[in-house]
Every structure is written in structure tokens, then in C-alpha cells.
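S.K.: OK, TrEMBL features for this one:
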DOMAIN    37-286  domain 'G-protein coupled receptors family 1 profile'
TRANSMEM  21-45  transmembrane segment
TRANSMEM  57-82  transmembrane segment
TRANSMEM  195-222  transmembrane segment
TRANSMEM  234-257  transmembrane segment
TRANSMEM  269-288  transmembrane segment
Amino acid sequence: MQNNITIIVLLGFQDLHNFKILLFFILLIIYSLTLLGNIFIISLVSLSRNLHSPMYFFITQVSVFDILLTTDIVPNMFSIILNDGGTISLQCCIVQFYMFANAEATECLLLAVMSYDRYLAICNPFHYGTLMSSMTCLKFIVFTWLLSFAMTLSDAIATWNLTFCGTNIIDHFFCDFTPLLGLACSNATIVHIQTFLFCVVVLICPFITIVVSYIYIVYTIIKIPSISGRKKAFSTCSSHLTVVCLFYGALISVYVVPTKGHSLIINKVLALFYTVMTPLLNPIIYTLRNQDFKEAFMKWRHNFHPNI
């Protein structure tokens, strides 16, 4: 990789210069709550035997990658906000993109695995324990890790081999794929082909899996004779469905919907929601209406503070 560019300038939120202190503290609070919320979920699931089930095991994996995603983006963003921009080496920029893409790809695959888990739990409850054993869960997790690692690594290597020249300015707050690729002055056909394959494997296929799983789930729930039974069945997958809608809705708004009519600040705000707000909301959605989490938390609090 021979480049005229060695340093990338990230402009960040220069349009919001007058609000940079406010934006810094808002993001600091969001980042802190994101870490606390996701660490809380991981800790509670680990400590509570009542939560030692496939569904909660998969939720902890989502929390792990939510932490990795925000930690990859947000700490560097603090410096960019306070300094009205920042610099990053080209190598670190590509690494940041790789870490971001890896976290998002793994979460896409995990959401698909979780939808399949809900399908088995609702549509085949009598064989659920056998079909979704601890070893099966571990195989699913290892598979999602390895697949996302391999797909994003091939993309990162192809990007690394491009030649970058000309301007070194990215009008964004992190090294996202599209603005980074815009700095390349060599043929990026291979990168585009690999990116297409990446999207098919880690975005479209998981989305199809989720849709098909929920078609069967809805069909099964409709056949349940009692209203209480239907509500109970739907409540076990409502949180996951909400997270899926939030995740893919944000993904589509940033990368699929045409952005030519949008101002750069709107695109940045959409990306900010996708990279910062979604990891914050996920633990809230999973725990807010989940009775198992509430009971586990009350038991944990009673064990540590019996007088409360």
C-alpha cells in the first residue's frame, strides 16, 4: 500500500461548534450509560441461574458487541468534538472501520440466531431443550464470530491494498466505509464486489432468516386458542423484534436510503443514532418489560442488600 495520504482529517461536527460542550457531555452520559447497561446485563445473566438459558446467553453476546462498537467510535469522537475535528493515521482509520464493521456484522448474525432460537422455543417447544443445547449455542456463537471476522477482514485487507491520494479530509466523525473509499484513487472494483458479498452474507441472509422465523412464529401464535397464551408467547419475542426493527431501521436510514437530498449534518445525526443510541437502547429494551430480568435483579439486590 503506497499512498500519498498518511493522515486522515475527520471534520466531526463543525456545524455544531457553538454546542460542542453540550454535545460532549450528552455523548459522555450516553456512553457511560451504554457501558453500565450492557455490563449490567452481562453480569446479571452470569450471576443468576434463572437467566442461564439460550435466549439470555445470546443477549449477553449482543451486549458484548454493543460495548465494542461504542468503544471503537465514541472515545475518539470526544477529542474530535472538543477540538472541532481531529486526525487519525490511515492505518488506524482502516482498523477503526474494520472493528466497526466486525461488531455490526456479528450483531446482524446474532439477531438471526436469536430469531431462530425464538422460532424453536415457540414453534417446537417440546424439543427446544434438545435442539438448542449449550453446545449448540456455543457452536452458533463461534460460527457468528468466525464468519463476521472472516468477512470483515477480507474487506479490510482489500481496502488496505488500495492507493489513497489527493484530499485527506473526511467530513464525518469516524472512518465509515463510503467516505473512506472516496479517498481512494485506484481501482476499487474488488472492494465493491467483496462489499456486495459481505452485505449478502451478513445483512440480507440474516434478515431473510429473521423474516421467515417470525412468519412461522406469528402463524403458531395465532393458532394458540387462549388470549393469555398468545400474549405470553408474543412477550417472549417482542423485545427481540423491537431491537431488530431498531437495528435494521437505523441501518437502512444510513446506508440504503438515498442521501443526496440530505444535508451532511442530517447524515451525521443518523449515523450518530446508529452507532451511539442503538447500543444504549438495546439493554433498556431487553430489560424494561422482561419479568425474568426484574426477578433476577430483585434477588440479586436482596442478596447484597437484604434490608432494602
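The backbone N, Cα and C atoms fix where each Cβ goes, and this holds for glycine too.
Can you walk me through where each of these features ends up in the structure?
M.R.: Here the transmembrane segment (57-82) has long-range neighbours at 10, 12-13, 20, 23-24, 27-28, 31, 34-35, 38-39, 41-42, 45-46, 88, 96, 99-100, 103-104, 106-107, 110-111, 113-114, 117, 137, 140-141, 144, 173-174, 243, 275-276, 278-279, 282-283, 286, meaning same-chain residues at least 6 beyond its ends whose C-beta is under 8 angstroms from one of its own.
Cβ atoms under 8 Å from those of the transmembrane segment (269-288) belong to residues 27, 30-31, 33-34, 37-38, 40-41, 59, 62-63, 66-67, 69-70, 73-74, 100, 172-174, 176, 239, 242-243, 246-247, 250-251, 253-254, 262, 294 of the same chain, restricted to positions at least 6 beyond its ends.
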